[in-house]
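To start, the structure under review is shown below, and the notes come after it.
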């Protein structure tokens, strides 16, 4: 076969390297599936824990700022250190979650979506199409002030306006017994508006209907605000575009939406408040079969900046085997899709049809290989259960090699 004419990519992408087993497969993906085919300017940031520690986590902030500059980032899974990791790596500090830091700088909404393979059975067999879930990653319980109340007394909520104006006081509860618990949480109009814009942009790009779920019957003002802002944003900027694409936006009660989700066939974008999104994204991942088949894209309110990553962790258990020189069978599909989703966005921004075609062929190669029966151990286990034996699966590198061979065949077809 003649040497492949590399596809030129006009603008750079930001690459964020990561940790452990995912760092190992990341390099392999880059060397075998990306660099042989693309002429690409990569702005590289090492978000591996040792370098984050060395730079006092500045590298994480720099990588997020570069993302705002270049509009496309592709991220490998990273360790968020706990006490044990601080000891293991001899860290200067227990650094925060890089994903949290990046999310706060980009002010984005996280969208998760499963990768479907016909031969991998789903726990919810009715889900024949993907469901893309968007989680509002700001405020509510995650930025709340919660406290234990000891003894009797009044709990009040007070708002003191800046400058002129009267302060407002609400009596929340009168504790008469031995006390209890309390919680005060908030969100901002700006953040809800950004969430609405990102959700609508994602739905339009996919040409899928959009549902927002809240409990506005109980939280009439709090959740009512989400409902109202979404409706305003929809009417102002998206309604005509949605109608032209034959899709729609609808608000649903969270309990109705969960029931609908379970009996639906899929094929829509589900916008969730922070806590609901935290819970329901794991419900979807399990229902579709595997976190190893879950993509995650952070979409910014500017409509042009995204960061793509795998929805899973750094696969420490496999890395320990790899460190000892043992054979691993780690699923690289979600990490490959981080590259394809990021590059597909680059292609759309640059109007690069060849690059877009390449990303579609790489995704099809991954799915094609699995559907032809070549897969890693985690997927083979879903298929074969207790009857699983070594001939049913490929090891980490064999799988990436199989995808590379399939990709080359599709590109030369």
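Cβ atoms here come from the backbone N, Cα and C positions, even for glycine.
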Fill in: Given Swiss-Prot lists 80, 97, 98, 99, 100, 101, 102, 103, 112, 215 for substrate, the same-site residue among 135, 143, 193
135
Discussion item. On a C-alpha basis, identify the one among 100, 278, 282 that is nearest to residue 263 (NADP(+) binding site); the candidates are the binding-site residues.
Written reply: 282
Practice prompt. Compare the Cα of residue 255 (Mn(2+) binding site) against each of the binding-site residues 100, 102, 314, 316 and report the nearest.
Written response: 100
Worksheet item: For residue 282 (Mn(2+) binding site) and residue 102 (substrate binding site), what Cα-Cα distance in Å is obtained after rounding to a whole number?
Response: 21
Practice prompt. Using a 10 Å cut-off, grab the number of neighbouring Cβ atoms around the Cβ of residue 282 (Mn(2+) binding site), all chains included.
Written response: 15
Item to complete: Kindly assign residue 278 (Mn(2+) binding site) to one of the three DSSP-derived states: helix, strand or coil.
Response: helix
